[in-house]
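A short worksheet on the structure shown next.
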Amino acid sequence: MSAAADTLPDTPYAIEVEGLSKSFGDRVVVRDLTMRVKKGQIYGFLGPNGSGKTTTIRMLCGLLTPDSGRGTCLGMNILTEARAIRRHVGYMTQRFSLYADLSVRENLEFVARVYGVPDPVGAARAAVERLGLAGRDKQLAGSLSGGWKQRLALGACILPSPDLLLLDEPTAGVDPKARREFWAQIHELAADGLTVLVSTHYMDEAERCHEIAYIAYGELLAQGTVKEVVAGAGLFTWSVAGGDPAPLARELAALPGIDMVAPFGASVHVGGHDAAALEAAIAPFRARPGLVWRRDEPTLEDVFIDLMNRSKDNFR
Amino acid sequence: MSGAVGGFLRRVGAMMRKEFLQLLRDRVSFATMISIPLLQLVLFGYAINTTPRHLPTAVLAYEDTSLTRSILAAIENTKYFAVVSHPRSAAEADHQMLAGEVSFIVEIPAGFERAVRRGESPSMLVAADATDPVASGSAVAALQALVETAVKRERFAVEGGPEGSGLESAPPAFQIITHARYNPAAVTQLNIVPGLLGTILTMTMLIFTALSVTREIERGTMETLLAMPIRPVEVMLGKIAPYVLVGAGQALLIVGAGLYLFDVPMIGSPGLLTLLTVLFILANLSIGYTFSTLAQNQLQAVQMTFMYFLPNILLSGFMFPFAGMPLWAQWLAETMPLTHYLRMVRGIMLKGAASVDLAQDIMALGAIMLVAMFIAVRRFRQTLD
């Protein structure tokens with residue numbers, strides 16, 4: 001493609017969608033989803049399994065057609081300009097989906113050629129160097145370990161220098177060291193102006209994002225910075241240590257005024273939306289000897305578990 | 001806009017290159033592609049003999065004279081027939097044929113020699129089990145020569161005169177009436193190698209492209225491919241192209257073996273044959289590719305291929321004579337590439353046909369290819385919906 005074709009519409013948002021819905025048969029997978037992702041941001045997409053994260057990502061890059069709703073990706077209409085969007089979006093699938101029977105370099109060269117990267121051979125060689133796969137460029141992609149496969153997949157995604165990366169659970173099944181390196185790379189890319197939307201289950205990864213969105217059962221339940229999401233949840237939490245966590249958690253969970261109970265190592269995390277009701281509920285326990293009660297800040301995980309519980313009540 | 005054309009060619013090229021690398025890496029498939037033609041050639045070419053010898057024959061003779069003995073000797077001399085039984089009655093002979101013990105019944109009526117001497121030109125009946133027309137056809141053909149051999153020998157004895165004037169114009173001393181039982185058809189012989197060229201190409205080309213799209217879906221690579229800026233038609237052309245080369249290689253192998261091992265003639269233009277073979281390969285690849293876009297998985301794709309392959313073999317004229325089929329079956333066969341290609345190959349190799357003679361078949365084959373490509377591109381989903 002000529003350089004002229006690469007000028008993108010100038011918008012402050014890389015992704016801007018409104019009212020996206022998608023169902024398969026009579027199962028609604030994504031319901032009335034509205035979200036905005038600012039350019040140059042790392043946007044975390046969180047939610048339990050089957051919550052519609054993958055479906056949303058597929059709609060964003062034109063792999064699925066939404067039943068209703070509209071929106072733009074890099075300023076281009078996701079309904080009518082899917083082809084043009086594909087040229088500027090790198091999509092990394094949840095499952096490794098490069099060619100297992102092609103070597104590392106052959107895979108990269110194929111991607112470079114399809115996207116029209118000038119000098120595909122050179123570009124692939126450079127990518128191999130950058131990925132640290134120099135000695136393994138002739139190895140078949142299928143024979144790489146999980147961490148290397150993930151690296152290769154990311155390398156293939158960024159090879160055509162996209163403007164937006166859509167990463168679907170890129171770190172699932174990858175060891176902590178590789179995960180940390182992966183995130184370091186994501187931050188470098190974002191610093192270069194790339195927008196990254198990344199779906200994940202890991203709370204620690206969510207905290208590495210500039211903004212997050214939480215989706216459960218097809219509905220976007222919260223979005224904003226981690227601080228905003230935690231504050232917006234309106235959750236008050238206490239932690240209690242010193243007792244036997246499991247029976248204590250069972251006892252506490254049954255009480256009115258307590259919306260969330262989570263054992264946390266030797267302590268138990270207790271939360272509720274009404275601060276007064278929560279304090280009233282735990283008052284009898286605070287008198288118990290041996291228990292140490294401490295007011296603390298809700299974690300992102302507390303918030304998500306609470307959101308998930310509440311959404312279950314609402315939609316199921 | 002040259003940029004658009006360049007982009008198109010570049011993407012088709014990228015796809016082609018990728019397919020070729022995968023093909024080379026898949027050793028088993030590659031070996032199959034070479035071994036299928038070789039194996040089938042050896043099987044069909046050597047093991048299957050369309051002019052089998054020593055077919056079991058029953059002789060039902062109602063008299064035993066020097067002429068009948070002479071005729072029977074001549075029958076055995078053709079090497080096509082081996083007299084294995086002398087049934088006592090027509091019913092017994094019929095039973096032997098029904099049971100498959102004999103392929104022929106030679107029936108010589110009573111008073112046969114006397115009738116010959118009187119110049120009455122009596123008839124001798126040869127009944128052939130034509131359930132396998134290929135097997136009986138050439139033997140029956142050889143019978144005609146018998147009349148001459150047997151009579152030449154006998155004329156001297158009967159009339160004592162030298163072989164001479166007037167004999168040729170005289171009516172034959174006796175007639176052989178052949179009954180092709182069960183199946184009154186016959187097939188020519190040089191069909192095998194040209195026919196094989198068509199069937200082997202059909203089978204391998206269909207299978208390999210039928211698997212190509214479903215394989216990507218099963219391995220999950222389709223999702224990445226769909227997320228790339230490549231059009232369905234570019235994917236299709238890129239996937240088909242490497243197999244044109246494979247098919248051409250197979251064709252070369254088969255035609256070469258046909259010419260040198262089996263003495264099949266090449267009367268027409270080899271250039272024309274090459275051109276039409278490429279067209280035929282493309283038509284089959286397009287159909288296989290269409291299956292690939294219809295099937296949910298590789299197993300279904302293989303099943304579809306075989307469902308399609310069988311009528312191709314049966315109705316195209318490779319196994320059974322085309323003209324013998326009812327009209328509806330002929331129409332059905334006209335929609336199959338193999339039917340047209342067999343006419344082309346036989347026409348070019350055996351009869352020296354030129355492109356003008358084959359114009360109808362060429363156009364039909366081209367049309368089949370375009371329809372299949374159109375369906376394939378329309379069916380190829382650009383989304384995962």
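Backbone N, Cα and C define each Cβ position, glycine as well.
Taken verbatim from TrEMBL:
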| type | residues | note |
| --- | --- | --- |
| DOMAIN | B:140-383 | domain 'ABC transmembrane type-2' |
| TRANSMEM | B:192-213 | transmembrane segment |
| TRANSMEM | B:240-262 | transmembrane segment |
| TRANSMEM | B:274-294 | transmembrane segment |
| TRANSMEM | B:306-329 | transmembrane segment |
| TRANSMEM | B:358-377 | transmembrane segment |
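Only sequence-distant pairs (6 or more apart) were considered; of these, fewer than three Cβ pairs between the transmembrane segment (B:306-329) and the transmembrane segment (B:240-262) are under 8 A, so the stretches are not in contact. Panel annotation: around the transmembrane segment (B:240-262), residues 12, 16, 19-20, 23, 33-34, 36-38, 41, 45, 192-194, 196-197, 200-201, 204-205, 208-209, 273-274, 277-278, 281-282, 284-286, 289, 349 of the same chain, lying at least six beyond its termini, place a Cβ under 8 Å from a Cβ of the stretch. Tertiary proximity for the transmembrane segment (B:192-213) is limited to same-chain residues at least six positions away from its ends with a CB under 8 Å from its CB atoms, namely 19, 29, 32-33, 36-37, 40-41, 44-45, 48, 50, 222, 239-240, 243, 246-247, 250-251, 254-255, 257-258, 262, 264, 277, 280-281, 284-289, 291-293, 295, 298, 301-302, 304-305, 308-309, 312-313, 316-318, 337-338, 341-342, 345-346, 349-350, 380.
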